Amino acid sequence: MAPSSHPLLLLALAVALLLPPSATADPDAVQDYCVPDAGARGRPLDPSLLPTYPCRNPTNLTASDFAFAGVRAAGNFSADTGFAGISVTPSQFPALHTLGVSFARADLSAAGGVNPPHYHPRATETALVLAGRVYAGFVDSGGRLFAKVLEKGEVMVFPKAMVHFQMNVGDEPATVYGTFNSENPGIVRIPATVFGSGIKDGVLERAFGLDPTELRRLEKRFGPPKTKLAEMED
């Protein structure tokens, strides 16, 4: 199957026009850096409370506080997609707090490993191919696809809130390093959001031309069964 005909791309095209407006950028920092002092609250760092943490005293910081070793190796691969991802935000690397950046490592198993269509509502991403050959691209709000095969050392940019994807088209595993211009870019995974969030069957069947059997198969793969509450919603 040619990369451009991958079925997940059809799904990306279908939802591209339904994306929310882009969010505002992270606020400008008012100091050089602010490594949050998790110890001030006596418990592990809570991402939802980051703005309320005091900054650690700069005199107590060392170079090690500004270094991170958590992306030296690939994460856990999905048996379904051949994808392994490690996202790094201030929750994992506190020194990123207030700097307006974050990053991720994505690994794709050989021969067809795919990072399914998704988008980041609060950030633009630049993706650098560290190893392998990767078919990558995004779909804009007009439904136009921008995609090409990237070789080792090449970079592609995915504009904020645009659906994008990567697929390994080489014979060896591929690795992509992504950077974001937000410390909390967010991620909305299209297949899981559409088929695993409890949207009523009738909506999905009509929207995507699916019969009940096809819909059951997609819901089983991409998400848990709908809750009773979701079934009751109109």
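All positions are counted from 1 along the displayed chain.
Backbone N, Cα and C define each Cβ position, glycine as well.
TrEMBL lists 1-25 with the feature signal peptide.
Note: C34 (disulfide bond) has non-local neighbours C55, H97, T98, i.e. same-chain residues 6+ apart with C-beta under 8 A of its own C-beta. Look at TrEMBL and you will find C34-C55 tagged as disulfide bond.
Look at TrEMBL and you will find 69-216 tagged as domain 'Cupin type-1'.
Among the features that TrEMBL reports, oxalate binding site is placed at N115, H120, E125. Spatially close to E125 (oxalate binding site) yet at least six residues away along the chain are V157, F158, H164, G178, T179, F180, P185, judged by Cβ distances under 8 angstroms.
Residue environment of H164 (Mn(2+) binding site) contains 23 other Cβ atoms, counted within 10 Å of its Cβ in all protein chains. What TrEMBL records for H118, H120, E125, H164 is Mn(2+) binding site.
C55 (disulfide bond) counts 15 other C-beta atoms within 10 Å of its own C-beta, drawing on all protein chains shown.
For the domain 'Cupin type-1' (69-216), the DSSP-based tally of helix, strand and coil residues reads 22 helix, 57 strand, 69 coil. Other than the site residues N115, H120, E125, same-chain residues with C-beta atoms no more than 8 angstroms from the centre of those residues' C-beta atoms, the oxalate site, are A104, H118, Y119, A127, F158, H164, G178, F180, P185, I187.
For the binding-site residues shown (H118, H120), fewest C-beta neighbours within 10 angstroms: H118. Contacts of N115 (oxalate binding site) defined by a Cβ separation under 8 A and a same-chain sequence distance of 6+ are given as T81, F83, G85, A106, L108, F165, Q166, M167, V176, in order along the sequence.
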